[in-house]
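Participant: Just passing along the structure, written as structure tokens.
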Amino acid sequence: MRSDTIKKGFEKAPHRSLLKATGCVSTRDDFSKPFIGICNSFNELIPGHAHLQELGRIAKEAVREAGGVPFEFNTIGVCDGIAMGHVGMRYSLASRELIADSVETVVEAHRLDGLVCIPNCDKITPGMMMGALRTNVPVVFVSGGPMKAGHTPSGKTVDLISVFEAVGKCSTGEITEDELQTVEECGCPGCGSCSGMFTANSMNCLCEALGFALPGNGTILAADPRRNELVKAAAGRIIDLVKKEVRPRQILTRTSMLNAFALDLAMGGSTNTILHTLAIASEAELDFDFSELNDLSAKTPYICKVSPATTEVHIEDVDRAGGISAILKELSKVEGLLDLSAPTVTGKTLGENIASAEVLDRTVIRSVEEPYSTTGGLAVLYGNLAPNGAVVKTGAVSPAMMKHTGPAKVYDCQDDAIAGIMNGDVKSGDVVVIRYEGPRGGPGMPEMLSPTSAIIGRGLGDSVALITDGRFSGGSRGACVGHVSPEAADRGPIAAVQTGDMITIDIPARSMTVALDDETIRQRIEALPKFEPKIKKGYLARYARMVTSANTGAVLKNDF
């Protein structure tokens, strides 16, 4: 075992003495057992993580019962909702790399034999997965589970996005401050990851398709007693994985990546999933090109529409309808779409995991013969405005905005854009351009939930598009095109756009262009002053110097 490095031989007496002092090693026999890290992300700032301390306790008990010695440690975490719309959002994506580094550091420094990862919200799941793949010790994931949707006294179903959009409605006088207060009180009724198919839930669902989590991981509610049972079962699997030396790079293969992307497309997951899955692939040293998503989308039906794409369905409804296993079972009817022989941490193949699944509600999970769309709910757009690609959540775009041409309204930061939208500068037909908010320019590629919610709240969702080298919350909806690559800070064409330039977004054609010739774009970019970083010290300054483009997952450079 790896852990023998710190526990075997007379020269390791000091190490054993310290391990005994932790209270986790209680008998001499414990030194012959696998040492398992319980990588928790409990903290009291994130509603999706406030309950994870109890799940950690359950996981430790399960590991002991299975014959291992558990050691719990924590990672940091950022609540994207609380960080939204201010400087804190610049730290959100950047926190993913800190989490990956933290996992690597603890596992390698203490020679752990295996990991049980307990994430829940946006950057924590991919960060832990990146760290696990880097160390390549056996691992199983079990998330904290989704939040239940809220309900107003009148019976209307609401969630966090309802609150953000209500701010825009309040600013126009469509609703009163008292009505806004009602939505605020009801939008987030308890612990768990926010209740729609936002980034956190998207990633936790993808864990099932990737093979790293047990069935139910993505959809069983945080407050459901079945969540505790799932934690116990998942943690109980790790000893078998350690003994059989089943490593994460054996689980994460190119075909399991394609399985996950197919699920993502079928349920219209967050655009952030593309960013994170590319980063995960990078850690596993798998080649996966941004453009392949469109080829996969062409044969993947969009069969499960969840908030924010609709206000009628939330994650709890997906669970009631059969969960992720039911979606995958339905997708397996499309010849050649899924590799059902892919291995998983259950010890069974993906096909065996979903064999008994069935769709229990066709209003939530449609058949592949009658999908919402014959193509997937995410797409990559190319053109002279995004030579290296940009991402849009097609499943959350209204039919009226699938093709749109309009004049650019350019803002060099998110704050200016929010002000412009809220004070009425943005008009019907405009294409809002928010730039210098990419991985390097932001820095940290902040999410644009506040401006997209303001557009929706002010009644412009069917007439205004928004493009950015930043990214979007999984809760954003509308004609929102993000991850524009190259970013403005790297002098991509988005840096050349001026207010009034005509921009065409053609989602069916996977195209996004600005009505400028190549020479004009070149001349405008050459005339720009040298890009000056917004933050010059601390972690974000270091991050900005090392981060790569969104089309490669915004991972950090490893070639110095």
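Each Cβ is built from the backbone N, Cα and C atoms, and glycine gets one as well.
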Participant: Pick from ASP80, ASP490, ASP501: which one does Swiss-Prot list with ASP122, LYS123, GLU447 for the same Mg(2+) site?
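Facilitator: Given ASP122, LYS123, GLU447 bind Mg(2+) in Swiss-Prot, the matching entry from ASP80, ASP490, ASP501 is ASP80.
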Participant: When the Cα-Cα distance from CYS121 ([2Fe-2S] cluster binding site) is computed for each of the recorded positions ASP80, GLU447, SER473, which gives the smallest value?
Facilitator: ASP80
Participant: Give me the CA-CA distance between ASP122 (Mg(2+) binding site) and SER473 (active site, proton acceptor), in Å, as a whole number.
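Facilitator: ASP122 (Mg(2+) binding site) to SER473 (active site, proton acceptor), Cα-Cα distance: 9 Å.
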Participant: Which chain neighbours of the Mg(2+) site, leaving out ASP80, ASP122, LYS123, GLU447, have a Cβ atom within 8 Å of the mean position of the site's Cβ atoms?
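Facilitator: Neighbours found: VAL78, ALA83, SER92, LEU93, CYS121, THR199, ALA200, ASN272, SER473.
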Participant: Using Cα coordinates, what distance in whole Å links ASP80 (Mg(2+) binding site) and CYS194 ([2Fe-2S] cluster binding site)?
Facilitator: 10
Participant: Could you tell me which three-state DSSP class ASP80 (Mg(2+) binding site) falls into?
Facilitator: helix
Participant: Which of the listed binding-site residues (ASP80, ASP122, GLU447) has the least company, meaning the fewest other Cβ atoms within 10 Å of its Cβ?
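Facilitator: Sparsest of the binding-site residues ASP80, ASP122, GLU447 by Cβ contacts within 10 Å: ASP80.
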Participant: Round to a whole number and give the Cα-to-Cα distance in Å for the pair SER473 (active site, proton acceptor) and GLU447 (Mg(2+) binding site).
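Facilitator: About 5 Å separates the two Cα atoms.
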